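Novice: There's a structure below that I have some questions on.
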């Protein structure tokens, strides 16, 4: 174990040439980042998760009820042992051949069976109240941490001149504010890694998991080798759009459509500007070029920049989705009301529903016809997965 630890903490990997870990030990005159500081993130992540549960129950839920958001879930499917067995053991989306077989077995028409599977799938979907509480928590925490980051950074020289991120590197003392900011962000992302498995499931689950993982690696890397100054710029820049996104979701759930449209436009503008403009031209410029000029490359420098480039790749992917939604919203706005956070039946992901007249028909014995639905027709869902479900 000693040999493994010695290999992992090799100074030639983590630190510039002629710098040792002994040079970065804490003294009475200066405090430097220590790897063991990061252990604080785990109990704090648990505390954040518990605070979230309390917040959603005692603050977010009463606010949602005051805004007339109902806790009722979707319509419950009629109990049926055969269909339940197919749903749990075989498929949740039966094809046409299986539908016809079930129709003959149960003496139900295909349309009723499709409706049953649709209602059964919707039973596993969270209610609008649950969605609102989740968004309100993320909005509140994002607003707090972004406000703290802005208040902290505006007092630092590296916000106005990024070359200060590298002057006297790595002998840059760790301040209490910077330490708190870093540990808080790291704890939040660790809590998201856990809560992602219990939160509303979306189609971009894998992308979000990769994003959280890359962010945790970035925070850890930049703290251990004392690149925390530029790390604060990355964190604050990526927090800027999250507040507007969650606010737009909340407006959508409360059916304040004009406010939702306005917040979504603001979110899209901030997101694309920060992720495709400021991040590469401001942050990547200093990590790739200014640091090369002032400090010079070393092994962990390459890894850190590769992680930043991976993050930029994710930014490009999400920016594409944001622009795609905006283009659809503009094109549909010509024919009707602009509703950017609602989606068409082809893009629906969160809630499946059928038309009113279709759901009003109880399942039963009906003549079998060739005119059937495919189980995917219906009204718009609540939110588009992709950019509308991001937590970075």
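The backbone N, Cα and C atoms fix where each Cβ goes, glycine too.
The model shown is predicted, which means the values in this text are computed figures rather than measured ones.
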Novice: With TrEMBL as the source, identify the stretch among 148-169, 236-257, 302-323, 324-345 annotated transmembrane segment.
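Specialist: Per TrEMBL, the stretch marked transmembrane segment is 302-323.
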Novice: In the same chain, which residue numbers or ranges, 6 or more beyond the ends of the transmembrane segment (38-55), come under 8 angstroms Cβ to Cβ?
Specialist: 136-137, 140-141, 183-184, 186-188, 190-191, 194-195, 220, 223-224
Novice: Checking distant contacts: for the transmembrane segment (180-198), what same-chain residues at least six beyond its ends satisfy Cβ-Cβ under 8 A?
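Specialist: Non-local partners: 37-38, 40-42, 44-49, 52, 141, 145, 148-149, 152, 205, 208-209, 212-213, 215-216, 219-220, 223, 228, 231-232, 235, 391.
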Novice: Near the transmembrane segment (205-224), which same-chain residues lie under 8 Å Cβ to Cβ, leaving out any that are not at least 6 residues past its ends?
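Specialist: Residues 14, 33, 35, 37-38, 182, 185-186, 189-190, 192-193, 196, 230-231, 234-235, 300, 303-304, 307-308, 310-311, 314, 317, 389-392.
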Novice: For the transmembrane segment (260-282), find every same-chain residue at least 6 residues outside the stretch whose CB is under 8 Å from a CB in it, and list them.
Specialist: 162, 233-234, 237-238, 240-241, 244-245, 247-248, 251-252, 312, 315-316, 318-319, 322-323, 325-326, 329, 338-341, 387
